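Annotated features in Swiss-Prot:
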type	residues	note
MOD_RES	Asn72	N4-methylasparagine
BINDING	Cys82	(2R,3E)-phycocyanobilin 1 binding site
BINDING	Cys153	(2R,3E)-phycocyanobilin 2 binding site
Amino acid sequence: MLDAFAKVVAQADARGEFLSNTQLDALSSMVAEGNKRLDVVNKINSNASAIVTNSARALFAEQPQLIQPGGNAYTSRRMAACLRDMEIVLRYVSYAMIAGDSSVLDDRCLNGLRETYQALGTPGSSVSVAVQKMKEASVALANDLTGTPQGDCSALVAELASYFDRAAVSVV
């Protein structure tokens with residue numbers, strides 16, 4: 001896993017070059033938005049349980065067959081596994097957000113996840129819907145500027161949404 005800073009330095013080093021002005025500007029921008037980034041991650045972390053629970057409720061309301069006998073989330077053990085998996089995805093999205101880079105999400109969470117779900121008979125499309133529901137809740141929290149530094153957060157919100165989109169696509 002590399003954060004945005006380590007990644008830029010590694011790329012420049014591999015080419016035997018100094019950091020370009022464009023790279024320095026991008027890193028400078030990331031530093032300037034650091035408090036906003038921390039606020040977004042803090043909001044997600046502080047509301048993680050509600051994000052997961054409410055997203056699962058919404059998923060099961062749309063797809064009640066999942067919690068009926070024979071469904072993939074039927075029995076408390078399977079339901080707990082579903083909620084655990086949703087929480088893990090949310091946690092790794094928050095790691096990617098703080099790092100400003102998706103590699104931790106890809107390397108430690110998403111790689112091989114589709115194959116695992118296929119082997120277990122878990123419907124990837126349902127997992128994808130659950131991830132999208134967590135995205136909606138997290139983006140709403142990120143867009144709530146109450147108690148956060150003022151300024152445009154649209155780039156951070158778009159970045160956050162992209163990590164959820166990446167996760168949703170990886171399981172189908």
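The backbone N, Cα and C atoms fix where each Cβ goes, and this holds for glycine too.
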Pairwise CA distance, the residue listed as 'N4-methylasparagine' versus Cys82 ((2R,3E)-phycocyanobilin 1 binding site), rounded so that it is a whole Å: 9
In the chain carrying the residue listed as '(2R,3E)-phycocyanobilin 1 binding site', residues 6 or more apart in sequence that have Cβ under 8 angstroms from it: Ala56, Asn72, Ala73, Ala130
Cβ-Cβ neighbours of Asn72 (N4-methylasparagine) (radius 10 Å): 20
